[in-house]
Amino acid sequence: MNNRMNKKDLRCSISRAIRELDPRVRAAAGEQIIGQILKLPAWGRADSVFAYSAMDDEVDLSELLITARTQGKKVFLPRIEEGQREMCFFEASPGDCPSAPVPLERHGLGFLQPQGRGGVEGVPRPGSVVIVPGRAFDLRGRRLGRGGGYYDRWLAGLDPGVFLLGVAFGCQIVPAVPCDPWDVALPRVLNDSLTTAPGP
């Protein structure tokens, strides 16, 4: 079986596992993960955070991003233009926060993203915190996405001084993720089992 088929099967398996999680368990997991992130020294030092607006089956970081704004950090969220293969990040704010520099709109894939391209486009600098979702991660930090390749292309160009981490529910951590040469591994992954893989 080739990698493409392995990835498809793993995505289906993980999707089922997440659907079977009680919503209260998901919420509690998100709170645990946010608590871990807030304790990271890199979070305290960072002046900018690059994250995401969660879909229903992803770790919800809304409260973390609101906290970031209250701490004076700039929050950037991804935007994907319909029909294009690139992903850019623009300064935004989650939820109904009235101080949002750019309003949010719903993308065809279901997630919220900064509206238009009139806002401030952000590029992570050394010390920026970048938080990445995924379908699955393994103990070597290898990541399986949704199959579009947006994050792999974007991550490949980041400065090595960026503080990069993935976040996931415990059921998304697997022994091994099938990889292709272009897949980008993450140096650390946080999940609600309070483990970090593979770096501190």
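Glycine is treated like the rest: Cβ placed from N, Cα and C.
Features as listed in TrEMBL:
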- LYS7, LYS8, ASP9, LEU10, ARG11, ARG143, LEU144, GLY145, ARG146, GLY147, GLY148, GLY149, TYR150, TYR151: ATP binding site (BINDING)
- GLU58: substrate binding site (BINDING)
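Feature map: annotations from TrEMBL on the structure.
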residue	record	Cβ contacts under 8 Å, 6 or more apart
LYS7	ATP binding site	LEU144, GLY147, PRO178
ARG11	ATP binding site	ARG135, ALA136, LEU144, ARG146, GLY147
GLU58	substrate binding site	TYR52, PRO133
GLY148	ATP binding site	ARG85
TYR150	ATP binding site	PRO78, ILE80, ARG85, GLU86, MET87
Check: Given the ATP binding site residues LYS7, LYS8, ASP9, LEU10, ARG11, ARG143, LEU144, GLY145, ARG146, GLY147, GLY148, GLY149, TYR150, TYR151 in the record, what is the largest Cα to Cα distance, rounded to whole Å?
Finding: 20
Notebook entry, point to check: Which state, by DSSP, holds LEU144 (ATP binding site): helix, strand or coil?
Noted result: strand
Notebook entry, point to check: When you measure from the Cβ of LEU144 (ATP binding site), how many other Cβ atoms are you left with inside 10 Å?
Noted result: 21
Next item on the list: State the three-class DSSP label for GLU58 (substrate binding site), counting H, G and I as helix, E and B as strand, and everything else as coil.
Entry: coil
Note to self: Is it possible to get the count of other C-beta atoms within 10 angstroms of the C-beta of ASP9 (ATP binding site)?
What the structure shows: 12
